[in-house]
Amino acid sequence: MKDYVRIKIASPQQVLSWTERSLPDGRLIGRLTNFDMLHFETKKPVFGGLLCERIFGSTKTNQCFCGKYKKMFQKGYANNFVLVCANCFVEINNCNRRRFRMGYIDLVFPLIHTWYLKSRPCYLAIMLGKKVKNIKKMCFMDSYIKIRNNDGQTVGILTGAEAIYSRLSKIDLESLIEFLYKRLVGIEKLKEYNFEKYLWLRKKFINRIKLVNAFIQTNTKPIWIMIHFLPVLPPDIRPVVKLQDGTVIMTDLNFLYIDIIYGNNKIIKLRKFLLPEEFMLNEKRSLQVKVDAFINNENISENPYEQNDKKLKSITEGLKGKKGRFRENLLGKTVDYSGRSVIVVEPKLLLHECGMPLDIALELFHPILIKMLIRFKFSVGIREAKRHIYNASNFVIPVLEKVLNSYFILLNRAPTLHRLGIQSFQPKVTFEKAILLHPLVCSAFNADFDGDQMGIHIPLSLKSLAEARSMLISINNCVLPANGLPSILPSQDMVLGCYYVTLENCNLDFILTNLKIYANIEKVKSAYHKGEILIQTFVWLICQKFPNILKNSKIRIKKKRMVKKLVFFRTTIGRIFFDDMIKEFL
């Protein structure tokens with residue numbers, strides 16, 4: 001069983017396997033040919049349209065389009081076989097199938113995917129070995145390529161997506177990578193007399209080799225980056241709603257699909273009139289713009305698909321960002337045994353500890369607490385234990401602390417861009433509403449204390465508990481997996497705090513007149529706690545063990561009238577505290 005997800009380019013046959021299916025009589029359905037959605041009189045879905053019941057399934061459970069099988073399944077017939085109406089060819093089944101069944105638009109010619117053209121780096125230009133501006137000129141039909149026969153004579157020209165498709169179809173990946181390796185070895189001669197050009201060519205060839213290797217390893221053909229069949233999302237994901245006043249509203253994706261189907265059908269009709277290809281260049285360019293607007297509507301400067309001075313929401317906008325499908329619905333979904341709260345700093349915690357609010361702890365560890373209360377004879381049954389937990393009795397918190405002492409929880413901060421975005425900590429009960437976090441682990445989470453929130457997850461199985469205790473614990477994740485640099489770094493406020501603690505008050509009044517002399521460190525700390533000195537006040541401390549400190553130097557003590565000369569050190573109480581913390585850490 002594979003425990004990973006791999007994303008790669010889908011072939012046209014793979015897209016057809018997603019979107020096309022066959023009826024019991026052998027008829028293939030799935031292709032959308034009609035840009036109409038609802039019949040203007042009956043308000044029912046049009047066959048071959050964006051809401052077609054033949055392609056996506058019936059709109060009502062166990063009922064076909066014409067109503068022939070309306071009462072059949074209400075009488076208790078078994079629904080363990082595929083039944084298709086002989087009149088309307090609609091499958092009689094559950095209407096929930098309209099949530100996952102897809103259709104497709106058979107494009108007249110392969111179109112360019114805007115992600116591979118307008119992204120950085122431009123993978124289309126890298127694969128073809130051309131400049132980005134030249135590729136864009138050809139895509140927007142500002143340049144062309146000539147088609148020659150075996151005799152070298154020009155028999156036609158190609159431009160736009162058809163020219164790109166012609167170039168990609170002629171690429172042999174095995175021969176291309178062998179050629180690139182030879183060129184990479186051949187440019188070594190440039191290193192001696194033109195080093196800058198050598199570096200530029202070397203980077204260019206290495207990037208192209210990496211891309212070609214990725215295509216070879218995933219068994220992907222270069223022509224697959226062109227769009228042959230455009231998938232159409234299920235109708236329930238792009239709903240059409242009818243209001244009480246008869247107004248029909250629908251999502252922006254439906255408008256974009258309508259434009260694509262209309263432009264595609266228009267080119268098909270023009271070809272039936274046997275018009276020269278030169279007369280259809282404008283329609284081809286228009287169809288390319290419509291598909292680009294469907295995929296990503298932001299990069300189109302002059303957008304003809306605007307409603308109320310607002311661009312239509314493309315499929316890319318529905319996927320990316322904080323409110324996109326991934327972060328909002330897939331990665332950020334609510335799961336059982338989890339909580340969420342704001343994080344605040346608590347430097348008194350250990351590196352592997354975190355503060356957990358009492359309300360969250362009582363709710364997440366509710367079943368375990370019930371079991372422990374019954375085991376320790378605090379409660380007779382489950383109902384009594386729940387009442388004690390709800391009232392937060394005096395003996396509940398000690399039992400909860402005993403449970404948390406041997407338990408580890410997972411803290412996650414979205415977005416989880418690398419594996420350090422989720423780590424395990426030993427929880428400590430706090431009577432606040434926020435999660436307490438050690439400031440040193442914030443750099444791994446990319447978190448700060450300006451309102452960031454973190455999620456709490458409880459591992460349940462023994463395997464997950466062992467993994468949280470050994471692998472995910474914060475003290476075992478001190479380096480970044482990408483480059484090996486330390487992930488536990490002091491933040492700016494910690495550096496400023498160390499600077500403030502070790503700062504000296506250079507006022508001459510403190511240095512020369514108000515001399516504070518103490519016999520040992522304990523008396524200095526006692527004076528600070530009594531409020532006699534400040535944290536940056538100079539103090540003079542008698543050095544009683546100076547031979548151990550100045551081991552390699554000779555100190556001469558002169559006796560004059562039996563008076564012993566002492567050695568003093570000038571320091572501050574802040575430096576004494578800082579030195580104690582360093583010694584305790586070491």
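Glycine residues also receive a Cβ, built from the backbone N, Cα and C atoms like all the rest.
The model shown is predicted, which means the values in this text are computed figures rather than measured ones.
Copied over from Swiss-Prot:
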BINDING   CYS64, CYS66, CYS85, CYS88  Zn(2+) binding site
BINDING   ASP448, ASP450, ASP452  Mg(2+) binding site
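Location within the structure of each feature annotated in Swiss-Prot.
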residue: CYS64; record: Zn(2+) binding site; Cβ within 10 Å: 23
residue: CYS66; record: Zn(2+) binding site; Cβ within 10 Å: 13
residue: CYS85; record: Zn(2+) binding site; Cβ within 10 Å: 19
residue: CYS88; record: Zn(2+) binding site; Cβ within 10 Å: 16
residue: ASP448; record: Mg(2+) binding site; Cβ within 10 Å: 15
residue: ASP450; record: Mg(2+) binding site; Cβ within 10 Å: 7
residue: ASP452; record: Mg(2+) binding site; Cβ within 10 Å: 17
Spatially closest candidate among ASP448, ASP450, ASP452, the listed binding-site residues, to CYS66 (Zn(2+) binding site) (Cα to Cα): ASP452
Length of the line joining the Cα atoms of ASP452 (Mg(2+) binding site) and CYS88 (Zn(2+) binding site), in Å: 56
Zn(2+) site shell beyond CYS64, CYS66, CYS85, CYS88, criterion: Cβ within 8 Å of Cβ centroid: PHE65, GLY67, LYS68, TYR69, ALA86, ASN87, PHE89, VAL90, ILE92
Cα proximity to ASP448 (Mg(2+) binding site), best match among binding-site residues CYS64, CYS85, CYS88: CYS64
Env. residues of Mg(2+) site, Cβ within 8 Å of mean position of ASP448, ASP450, ASP452 Cβ: ILE343, ALA447, PHE449, GLY451
Cα-nearest neighbour of ASP450 (Mg(2+) binding site) within the listed binding-site residues, CYS64, CYS85, CYS88: CYS64
